[in-house]
Amino acid sequence: MMKNNVDRIVSIVTALIMIFGASLFSPPIRVFADDTNINLVSNGDFESGTIDGWIKQGNPTLAVTTEQAIGQYSMKVTGRTQTYEGPAYSFLGKMQKGESYSVSLKVRLVSGQNSSNPLITVTMFREDDNGKHYDTIVWQKQVSEDSWTTVSGTYTLDYIGTLKTLYMYVESPDPTLEYYIDDVVVTTQNPIQVGNVIANETFENGNTSGWIGTGSSVVKAVYGVAHSGDYSLLTTGRTANWNGPSYDLTGKIVPGQQYNVDFWVKFVNGNDTEQIKATVKATSDKDNYIQVNDFANVNKGEWTEIKGSFTLPVADYSGISIYVESQNPTLEFYIDDFSVIGEISNNQITIQNDIPDLYSVFKDYFPIGVAVDPSRLNDADPHAQLTAKHFNMLVAENAMKPESLQPTEGNFTFDNADKIVDYAIAHNMKMRGHTLLWHNQVPDWFFQDPSDPSKSASRDLLLQRLKTHITTVLDHFKTKYGSQNPIIGWDVVNEVLDDNGNLRNSKWLQIIGPDYIEKAFEYAHEADPSMKLFINDYNIENNGVKTQAMYDLVKKLKSEGVPIDGIGMQMHININSNIDNIKASIEKLASLGVEIQVTELDMNMNGNISNEALLKQARLYKQLFDLFKAEKQYITAVVFWGVSDDVTWLSKPNAPLLFDSKLQAKPAFWAVVDPSKAIPDIQSAKALEGSPTIGANVDSSWKLVKPLYVNTYVEGTVGATATVKSMWDTKNLYLLVQVSDNTPSNNDGIEIFVDKNDDKSTSYETDDERYTIKRDGTGSSDITKYVTSNADGYVAQLAIPIEDISPAVNDKIGFDIRINDDKGNGKIDAITVWNDYTNSQNTNTSYFGDIVLSKSAQIATAIYGTPVIDGKVDDIWNNVEPISTNTWILGSNGATATQKMMWDDKYLYVLADVTDSNLNKSSINPYEQDSVEVFVDQNNDKTTYYENDDGQYRVNYDNEQSFGGSTNSNGFKSATSLTQSGYIVEEAIPWTSITPSNGTIIGFDLQVNNADENGKRTGIVTWCDPSGNSWQDTSGFGNLLLTGKPSGALKKGVTFDDIKNSWAKDAIEVLASRHIVEGMTDTQYEPNKTVTRAEFTAMILRLLNIKEEQYSGEFSDVNSGDWYANAIEAAYKAGIIEGDGKNARPNDSITREEMTQ
């Protein structure tokens, strides 16, 4: 073997010298001496008669046997009890990062098992600095006992930081399956090859395959002008230095290796001498530019050879390309005989042809489209192969925008656009046209006076240019392609609204006025009356101010007879986007009677591309497509903005699409296409410490708890969903399950799954439990339950015993829940879950979510009073206890605030004293300025979206106000003042949805934004919510208790309609007039409704003007964080309550009628 390796080295060196010459070896180039036929498994045939080198995954029995596929021996695997158990082999130190390997083994079942699930999976376990990963090599290959089955696949090693563990193991979804394995072979896939990585270097095929023009430039293979042969590549339409011919080298280059570049260039128009060079663009976490050669002088009319070289630093690159540029931004030039010679990467990208076609999965719902670049639409490019396999609609990412089609006035260039149309026709695809009008990527000449570019064009001239452009573009495709024209709709106008919902202050608006929008639609309809016409925009899926603005604009346009057929929702979302907001936005806009198309879908990872983030992304993609399917009556297309992560427009690092940078299916693909093959992310929710009472009335303490949402469908796409709140004490896990279900049936029900030790086992252990609760209250007898129906569905109050595990703060309990919905057909039509959307909860706890046992709720107090809103700290604020911002979302130091809260019958008052030594408001975005944001959820529903009662109020240090979402800002008041240490913000927030009273608890949070001297936001800190999503999600707000309204201010004539016959009428009216008790509404007291002993205690303190005191822990059923704890302490010290020795029984009930006596 040593002689063979030496011979191989000599032959490779000789070949390299013949190609490059001896000078190649200064600097030296890497040469591998690996024999690519070497099996990395040293004992893969077991002919040693041992299992040396093999280890156990789990605890199976491994033994050598004479039942063989080759030779005399094989390995027999028995004694399995878990699906993941089997033989394993370590490859740590044997495999190289970035290298691809072929994996093959032979498998046969031990006879006599009669398994109903005889499947084999081969998995690589990998642990690096980013955690533990399970990479599938072969997924559930069927095997038999009748013959040996070859199980084969490929594996490419990738990892982050240090690789700590790497081993391959053979498993089966049948936990007791027994089998033999033999002839295990793992080898590197490809030997080293050296050559030209440019496939179309001479253009003698007469096409531009692999080449594109960057920017506005257009490339074309031309006959009759060539350095050799008959063809060369001509570049025209350049408007910037960097515009020019570009070739994609992604997957073809080995970082760390030198590549020699050689090409010929010629021009015929321009100066006598021009300067030209080649540059490599390599994208990792940012775009890197590597110069191939200095600018070379090229003489007009002469073919000139240009040489250079480059070496990419070792890194992970999502995109690599080489392009030619000139210092003359409009120079047209030819190139020919282009070579980039060096080691050809073994990591050539191939797509997965054995997975479902994406568009076929949704063929009964809507077409699935993708934005493309014409350079990647040659059949040899794996991007084109991926496009053809998975999509049945195309849109041009840039090639149909104004600057691409008409870079100079009257000169239309359709070459790149036509390439996309031709590809669509050849592959039986439809197209969306994008876009006829935009404020970006439109040439300046559109807006300039032709005689003086420093002056603006007139309204009439700009309208004429707009009409000419729209008419020419639509007529081109209609005339050239006729009945074959695949374009079924156009984005007529794009992004005409700004972030605040106003018409964007573009040059179109400035010169023409707001009617430019309707004019564009009129011109398009006139040019092609059969074409569907769309208005397209971003951030209209948030159900906020921009959604409303789009609704109002389209409603107005339709009322004026403008021919608008649909709304394009770009849907550039992120992994924290709210599915309820997206649903509400779709339905709101669709109510206008227009089509809805999702036009630019991707999901920003916000810089986090960890495995956990990718699984979280998968869940949201699944929820999103379930929603799209449920809304299929409105949605007529769903289009992704890019085919794979390597071509995303988003800044790196990012992974926003269904296919990764190597064009392989991501977890999100499987979550959308076949959730049974997905790996769910593990969600986490907090259970707050507390002991709620279970009974006819829902305990008021539940108001303080953030819910989790049971809204991921595993059956159907429309049906019952739920919110779940959790609390705990040393005896029970308490659940409040509120089910939304408008099709009542006794077959409806809840299933609760609990893994007390949270060990995430793949089968049930003795600590694991499944409980059932029917809508009629029947079900598991070993838990406490109370079920009631209401107009929205039904509510279950549950207590699940956990005393046996001695629960403590920060412990975790594995948890999942399933909501079953029978819509009246006698069967379960829809099922939603919280965590495991593979729906394997009945047998597998590994995909349960986590319930974290946490301390009691965060709650602050606002006292009754009416300060003057003047930005000054009046004396009235002196008696208010402050709270502080100390929950960091961005950064870990910077501006912070202490804040105090007061209230009266009209307003909530907030005083924020901000410490900030460097004040800045230069950013155009209000949220990036030095400012204070107050978040209020008046009904404290803690929803993941904003309801009408919710608000986001922002005030910067200069008293400039701004508001988020659908905030009702009417009546809002603020004042600010500068201090030696920063600034003060004082606000009055009007009550719009509730009548406040003593004991009311609202959702509340406060955030401080900190800008640096350049206007960049560098710090965000809140009082409570750590998520950073308070602007769209109220579920993380803290709690604010309203107290202190005096009883002495008499209200005359107080009475209620429902106490006329009550024996306690007189007492109720007297106490209500003194604010000691309050009506449930202005006209209803509800005398028979119960109150808790805690609520009654608070009322008594108000009656006697007794101040609350810090709770000292006298009672076992009162926790220091409970809203009533300090009231209980004051009443206990005053002798008003005694308890029963250990318990105060704060949640025991009395009627509102009884408490007045």
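Using the three backbone atoms N, Cα and C, a Cβ is placed for every residue, glycine included.
Annotation source Swiss-Prot lists signal peptide at 1-33, citing experimental evidence.
The domain 'CBM-cenC 1' feature in Swiss-Prot is assigned to 38-189.
What Swiss-Prot records for 195-343 is domain 'CBM-cenC 2'.
What Swiss-Prot lists as domain 'GH10' is 352-675, and the listing cites sequence analysis.
Neighbour count (other Cβ atoms within 10 Å of the Cβ, all protein chains): 25 for ASP537 (active site). DSSP classifies ASP537 (active site) as strand under the three-state reduction. Sequence annotations record features per position, and here Swiss-Prot assigns active site to ASP537 based on experimental evidence.
According to DSSP, GLU600 (active site, nucleophile) sits within a strand segment. The Cβ of GLU600 (active site, nucleophile) has 25 other Cβ atoms within 10 Å, all protein chains considered. Under the heading active site, nucleophile, Swiss-Prot lists GLU600.
According to Swiss-Prot, the feature domain 'SLH 1' maps to 1051-1114, an assignment based on sequence analysis.
Per Swiss-Prot, domain 'SLH 2' is recorded for 1115-1157.
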Completion exercise
For the domain 'CBM-cenC 2' (195-343), the DSSP residue counts stand at 0 helix, 77 strand, 72 coil
Fill in the blank from the handout: Integer Å value for the Cα distance linking GLU600 (active site, nucleophile) with ASP537 (active site) is 9
